[in-house]
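Participant: Below you'll find the structure I mean.
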Amino acid sequence: MDEMATTQISKDELDELKEAFAKVDLNSNGFICDYELHELFKEANMPLPGYKVREIIQKLMLDGDRNKDGKISFNEFVYIFQEVKSSDIAKTFRKAINRKEGICALGGTSELSSEGTQHSYSEEEKYAFVNWINKALENDPDCRHVIPMNPNTDDLFKAVGDGIVLCKMINLSVPDTIDERAINKKKLTPFIIQENLNLALNSASAIGCHVVNIGAEDLRAGKPHLVLGLLWQIIKIGLFADIELSRNEALAALLRDGETLEELMKLSPEELLLRWANFHLENSGWQKINNFSADIKDSKAYFHLLNQIAPKGQKEGEPRIDINMSGFNETDDLKRAESMLQQADKLGCRQFVTPADVVSGNPKLNLAFVANLFNKYPALTKPENQDIDWTLLEGETREERTFRNWMNSLGVNPHVNHLYVDLQDALVILQLYERIKVPVDWSKVNKPPYPKLGANMKKLENCNYAVELGKNQAKFSLVGIGGQDLNDGNPTLTLAVVWQLMRRYTLNVMEDLGEGQKATDDIIVNWVNGTLSEAGKSTSIQSFKDKTISSSLAVVDLIDAIQPGCINYDLVKTGNLTEEDKHNNAKYAVSMARRIGARVYALPEDLVEVKPKMVMTVFACLMGRGMKSV
């Protein structure tokens, strides 16, 4: 951009800046805060030491945040690029934004971005995802009309347009999320396709994908950057599902001397993968790596990793697979990478990366490559006779998982991997207050990286502020709950806060749809019963604790009342129901609610077991959807 006064800025440049702003504004709340800047520099993979990045971010916040509210608005962002742009810091910032590799620019429009914005997408990602999906769905008869896709064309963006591939990929990542009976597979009219896309988006949201900026029309139009963004989230959830101690106890083999299981459990899946790779590298006598980008570009660490995890033929029924290390000494990086990938192919793991992706150190695709290796060949043995308290590994409850998925679907940052540990500095809770329209004064909030000394004090101050906001601004009932409880990760008391946040969010969504009608439990119950009787249905509910809800018949009837004729009653079991019947009804009900456009986070088990909190959210979401169609 040429030098110019702030007032003179062309539409093209404004569009470019909007695009750049959206890249940095990860949670799409219209502001950039310093942890989003940290993420940007991390993702841009720039050759800068950590202290330099911190310096740049401090300077950007200092120069850019002109009204000192602790965040950068779009106007302040424009100012950085114009007034500060000659400085080295602004140049580095601009470089970081442009460092999204393998970028294809194309014009695209979305309601949120201005007309004709330049959107970019990565050819490498498209190529990788197409090959992964082709393999995953190669035997699925429902996908024959689009699979196999050609990775070198735009097949992918057309293939997702009817919603079927997306629904199938969601079920591969989190089995049983979508009831197959709810997917429309024949006579695909525009209306029916719209329903499939609703089902895919609302189900993606329920497994923790951030889909706030994506509409069904974007997927139908096959907008590349949105399609790839959604697919990456779905694929990553599947790849990471088992990189978690309670689902994979052998990970305890990665414990270091003097480290407790509890400390290991706090690591994110990415950190565990790095720890896993280094465990095997150490055993091979090779140096450790610190990332899946710069440190793996020469493929040498990968050669050693493959050699360590390849089956040695010592277990029964497990054929030995020999890794040929001769390519290790190849002088050309690309040829060495190709040779390494040929060895990965022997393990059936040549996925996600091309030689060029390895050599360029593409962080996203290399992470996926390693996660897939871990899932196929973890090569870990659960430690015996060590002094380990295995009772800690209970895994999260259904309710905890639902809350976590809800938070992640709203795009909180950092991503919540472990409910209590990741809320101990209250940053996520404060972001959730913003989502429920409770203003947060970010200048009062301490943000990472926290100082080595007194880090916990900084986190505790945030927790105290979060509780104070809950009591005074949100008017939550927080009797006997203090900041210390959040900071300690007290499960019961943290859940009490989180539930009130989710409840308020659900009611807000409903009130927005119902032109501001205030919602209480009684109002929802009365609306449900009124709607059912008007539609001539015989079901009704007394309250959200009503045991008859376990059949899901009231939910199914309500969906049919909201969108007459959408329920196939041949699939619904009535009369004397077995547990399996109840579960099948509930599964169908939840998927159909999502298909008609209700963003339901609850799970079928919540209906079968009549969990009042989650039952409330189901009926509230349906009421919101019902009021929209009036």
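Placement of Cβ uses the backbone N, Cα and C atoms for every residue, glycine included.
As listed in Swiss-Prot for this protein:
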DOMAIN    12-47  domain 'EF-hand 1'
BINDING   Asp25, Asn27, Asn29, Glu36  Ca(2+) 1 binding site
DOMAIN    52-87  domain 'EF-hand 2'
BINDING   Asp65, Asn67, Asp69, Lys71, Glu76  Ca(2+) 2 binding site
REGION    109-382  region 'Actin-binding 1'
DOMAIN    123-239  domain 'Calponin-homology (CH) 1'
DOMAIN    267-378  domain 'Calponin-homology (CH) 2'
MOD_RES   Ser268  phosphoserine
MOD_RES   Ser293  phosphoserine
MOD_RES   Ser326  phosphoserine
MOD_RES   Ser339  phosphoserine
REGION    383-627  region 'Actin-binding 2'
MOD_RES   Thr391  phosphothreonine
DOMAIN    397-506  domain 'Calponin-homology (CH) 3'
DOMAIN    518-627  domain 'Calponin-homology (CH) 4'
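Help me see these features in their spatial surroundings.
Facilitator: Under DSSP, Asp25 (Ca(2+) 1 binding site) is assigned to coil, being neither helix nor strand in the three-state scheme.
If you take every residue in the domain 'EF-hand 2' (52-87) and average the pLDDT, you get 72.
In the three-state DSSP assignment, the secondary structure recorded for Asn67 (Ca(2+) 2 binding site) is coil.
Residue counts for the domain 'Calponin-homology (CH) 1' (123-239) by DSSP state, with H, G and I taken as helix and E and B as strand, are 76 helix, 0 strand, 41 coil.
When secondary structure is read from DSSP and collapsed to three states, Ser268 (phosphoserine) falls in the coil class.
In the three-state DSSP scheme, Ser293 (phosphoserine) falls into the coil class.
The Cβ of Ser326 (phosphoserine) lies under 8 Å from the Cβ of Ser339, each of which sits 6+ residues away along the same chain.
Around Thr391 (phosphothreonine), a 10 Å sphere centred on its CB holds 7 further CB atoms from the protein chains shown.
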Participant: Whose Cβ lies within 8 Å of the mean position of the Cβ atoms of Asp65, Asn67, Asp69, Lys71, Glu76, the Ca(2+) 2 site, other than those residues?
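Facilitator: Apart from the listed residues, the neighbours are Phe31, Gly64, Arg66, Lys68, Gly70, Ile72, Ser73.
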Participant: At the Cα level, what's the spacing in Å between Ser268 (phosphoserine) and Ser293 (phosphoserine), rounded?
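Facilitator: The separation of the Cα atoms works out to 18 Å.
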Participant: Given Asp69 (Ca(2+) 2 binding site) and Asn29 (Ca(2+) 1 binding site), what distance in Å do their CA atoms have, once rounded to a whole number?
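Facilitator: Counting only the Cα atoms, the answer is 14 Å.
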Participant: Between Asp25 (Ca(2+) 1 binding site) and Asn67 (Ca(2+) 2 binding site), how far is it from one CA atom to the other, in Å?
Facilitator: 18
Participant: For Asn29 (Ca(2+) 1 binding site), find which of the recorded positions Asp65, Lys71, Glu76, Ser293, Thr391 come within 10 Å, Cα to Cα.
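Facilitator: Passing the 10 Å Cα cut: none.
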Participant: Using C-alpha atoms only, work out the spacing between Thr391 (phosphothreonine) and Glu36 (Ca(2+) 1 binding site) and round it to an integer in Å.
Facilitator: 36
Participant: Quick one: pull the CA-CA distance for Glu36 (Ca(2+) 1 binding site) versus Ser293 (phosphoserine), whole Å only.
Facilitator: 20
Participant: Of Glu36, Asn67, which of the binding-site residues has the most Cβ neighbours inside 10 Å?
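Facilitator: Going through Glu36, Asn67 one by one, the largest Cβ count within 10 Å is at Glu36.
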